[in-house]
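This report refers to the structure that appears directly beneath it.
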Amino acid sequence: MINRLKVTFSAAAFSLLAGTALAQTPDADSALVQKGAYVARLGDCVACHTALHGQSYAGGLEIKSPIGTIYSTNITPDPTYGIGRYTFAEFDEAVRHGIRKDGSTLYPAMPYPSFSRMTKEDMQALYAYFMHGVKPVAQPDKQPDISWPLSMRWPLGIWRMMFSPSPKDFTPAPGTDPEIARGDYLVTGPGHCGACHTPRGFAMQEKALDAAGGPDFLSGGAPIDNWVAPSLRNDPVVGLGRWSEDDIYTFLKSGRIDHSAVFGGMGDVVAWSTQYFTDDDLHAIAKYLKSLPPVPPSQGNYTYDPSTANMLASGNTASVPGADTYVKECAICHRNDGGGVARMFPPLAGNPVVVTENPTSLVNVIAHGGVLPPSNWAPSAVAMPGYSKSLSAQQIADVVNFIRTSWGNKAPGTVTAADVTKLRDTGAPVSSSGWNSVSSGWSVFLPQPYGSGWTFAPQTHTGQDAAQ
C-alpha cells in the first residue's frame with residue numbers, strides 16, 4: 001500500500017499545490033478552491049498521482065504490488081483522460097468508497113479505507129480544487145500489468161466490503177481534547193499514516209485503522225520499497241517515547257531534528273506534504289501521536305553504553321566484526337559515539353530505525369544510500385552515499401550487526417551476507433529473523449525526488465513541487 005504512505009502552508013503558499021497552475025473558472029469559489037488545495041496537501045495526492053518528471057496529477061507512477069504492476073491514474077480535470085466529467089457524487093464515491101465511475105472497485109493502493117472518514121466538507125473543497133484549481137492534462141492512463149486471473153477486479157469488491165469501513169464523517173469521542181481530535185482526524189483520515197506505519201494482515205489489509213482498533217495501529221509497518229515505517233506509538237526504544245511534541249512538530253515541518261532525520265519514503269512525505277501543514281495542524285498531530293500508549297509489552301528504556309565509543313577510540317577494532325568498517329566508512333559522520341551531527345547526520349545510538357525488529361531500512365540505506373531533502377524550513381539537502389559497490393555483502397552485514405548491537409542498542413536477530421545480497425540484487429527485504437522473505441504488504445517504488453549522491457550544496461525549495 002501506498003501511502004505516502006503519507007501528514008505549513010504559509011499565507012503566501014496556502015493556495016499553491018505541487019506544480020499546478022491554478023485554472024480557476026469565473027464561477028469557482030476561490031476560498032473553497034484554496035481550501036481544497038490544502039486538503040490535497042494533507043492527503044499528499046501529488047506524490048502518487050504524478051510520475052517522476054511527469055505533469056502534476058496526470059498519473060503514470062509505477063506501483064509494484066504483490067499481484068503485479070499498477071499505475072496511478074490521471075486525476076486532472078481533463079474531460080477525456082482525467083476526472084473532468086466526474087460529478088461530486090462520483091468523485092466522493094471514488095475517494096471515500098473506493099468505487100470508480102464505471103462501478104468497479106479501485107485497487108487499494110488508493111488508501112480509501114482511511115479516506116472513508118474524511119468529512120463531506122473537506123471532500124467538497126477537494127472536488128472544487130481538482131475541478132477548478134488543477135491544470136487539465138490530456139494524458140491517457142496506463143493499463144495495469146497484472147496477469148489473469150489476478151487481473152479480475154471483482155475480488156477487489158469483496159476486499160473492499162471486508163476491510164474498508166462505510167464512509168462516515170469523522171466524529172471524535174465525547175470529551176476529547178479538540179486538538180487531539182484534530183490530530184486524530186489528520187492522522188487517520190487524509191494523512192493516511194497507517195497505510196505505511198500499521199502492520200498488515202493476511203489479505204494485506206491494515207490490522208487497525210485507528211486507535212480503537214487495537215495496539216497494532218501505527219505500531220510499525222511492513223517493508224515498502226525496502227523502507228520500514230517505524231512505530232509511531234510511545235515506546236521509548238522503537239517508537240516516539242523519547243520524542244517531545246515539539247520534536248514531532250519540527251520533524252514534520254523540516255524533516256530533521258537534533259536526534260533524527262527523514263530518509264526513504266518519508267522524505268517524499270515531508271517534501272511534498274507535511275512541510276506545508278499549518279502550525280496548528282502540525283501541533284495537533286504531535287499531540288495526538290503522543291497520546292498513543294506503547295504496544296505492550298514495552299521494550300523498556302534505552303540506556304547509552306559508552307564502551308563502544310571507547311573501543312573505537314582506542315583503535316582495537318580488528319577483533320570486532322564490522323567495527324573497522326564503521327571507523328573507515330561511517331564514523332566521520334555518525335561519530336565514534338554513534339551520536340551523529342545534529343540536524344544533518346542522525347545518531348545511530350538508540351535510533352528506533354536501527355533497533356527495530358526488521359533491519360531492512362538500515363541494510364537498504366547502507367547499500368543504496370539516502371537523501372535528506374531540502375524544505376522551506378531547512379533548505380540544504382544532504383545525501384548519504386551507497387556502499388553496495390565498495391563494500392562486500394559480508395562487510396555490509398557485519399557493519400549492520402555492529403551498529404545494531406553497539407552503544408546500548410539491543411536489536412534482535414542477525415543479518416547475513418545472503419540477506420544483503422538478496423536485497424542488493426533483487427530488492428527483496430530482510431526479514432526480522434535474519435533470513436530472506438517476500439514483503440508482506442505493498443512494495444512501492446517511488447524514487448527520491450532529489451536524486452542521490454554526496455552533496456552539501458545549499459538548495460532552495462519554493463513551495464512548488466519541483467526540485468530547485
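For all residues, glycine too, the Cβ spot is worked out from N, Cα and C.
Annotated domain 'Cytochrome c 1' per Swiss-Prot: 31-134, in sequence order, evidence recorded as sequence analysis.
Positions annotated as heme c 1 binding site by Swiss-Prot: C45, C48, H49. All protein chains included, C48 (heme c 1 binding site) registers 26 other Cβ atoms within 10 Å of its own Cβ.
Look at Swiss-Prot and you will find 178-293 tagged as domain 'Cytochrome c 2', backed by sequence analysis.
Taking all protein chains in view, 31 other C-beta atoms sit within 10 angstroms of the C-beta of C196 (heme c 2 binding site). As annotated by Swiss-Prot, heme c 2 binding site applies to C193, C196, H197.
The domain 'Cytochrome c 3' annotation in Swiss-Prot covers 317-407 and rests on sequence analysis.
What Swiss-Prot lists as heme c 3 binding site is C330, C333, H334, and the listing cites sequence analysis. H334 (heme c 3 binding site) has a Cβ environment of 21 other Cβ atoms inside 10 Å.
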May I have the list of same-chain residues other than C330, C333, H334 whose Cβ is within 8 Å of the Cβ centroid of the recorded heme c 3 site, in sequence order?
Y326, E329, A331, I332, R335, G340, F345, L348
Taking 10 A as the limit, how many CB atoms besides its own sit near the CB of H197 (heme c 2 binding site)?
24
Select the most exposed residue of C45, C193, C330, C333, where exposure means the fewest other Cβ atoms within 10 Å, treating these as the binding-site residues.
C333
Residue distribution over DSSP helix, strand and coil in the domain 'Cytochrome c 2' (178-293):
51 helix, 10 strand, 55 coil
Can you count helix, strand and coil residues in the domain 'Cytochrome c 1' (31-134) using DSSP?
44 helix, 12 strand, 48 coil
Quick one: pull the CA-CA distance for C193 (heme c 2 binding site) versus C45 (heme c 1 binding site), whole Å only.
13
With DSSP as the reference, give the number of residues of the domain 'Cytochrome c 3' (317-407) in helix, strand and coil.
37 helix, 9 strand, 45 coil
